[in-house]
Amino acid sequence: MARGVNKVILIGTCGQDPEVRYLPNGNAVTNLSLATSEQWTDKQTGQKVEKTERHRVSLFGKVAEIAGEYLRKGSQVYIEGKLQTREWEKDGIKRYTTEIVVDMQGTMQLLGGRPQNQDGTNQAQQQRRPQQPAPQPQPAYDPMDDDIPFMDPYRFSCLLQ
């Protein structure tokens, strides 16, 4: 018997530029706010109604670096992660937050193109990350250990058969 499934899939719009920081071990963490909207027609008034939800998303590792480099306010993105609730104490009061966590088991895919400035240049090229750790020597490249955080097109092929 399965223990359970904790999977969240969102397609939404970044509400702000992602915030990238680095942990003491050098791993990247990116936080962003993702807005999703749904529309329906109110049966009593006949008017269209729209409701927007804002989701807190935390990305870890290589996918966090990619999100920080390519996502900007207004970017549309596909996120696949898990729901987690964190607890901490501030001023003697317990606080909680629930967020979508995207780690090595999760997925992030940019939808559409890279955001452009008015002069046509890529924003990611102009904005540099201020808190990058000192460069570490890279291990030899292993083509079988390719950590691309985008969806595998063959991943859902079993559903189509």
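Positions of Cβ are set from backbone N, Cα and C atoms, glycine also.
Listed features, source Swiss-Prot:
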type	residues	note
COMPBIAS	116-131	compositional bias 'Low complexity'
DOMAIN	5-109	domain 'SSB'
REGION	110-150	region 'Disordered'
Model confidence over the domain 'SSB' (5-109) (mean pLDDT, whole number): 94
What are the DSSP helix, strand and coil residue counts for the domain 'SSB' (5-109)? 9 helix, 66 strand, 30 coil
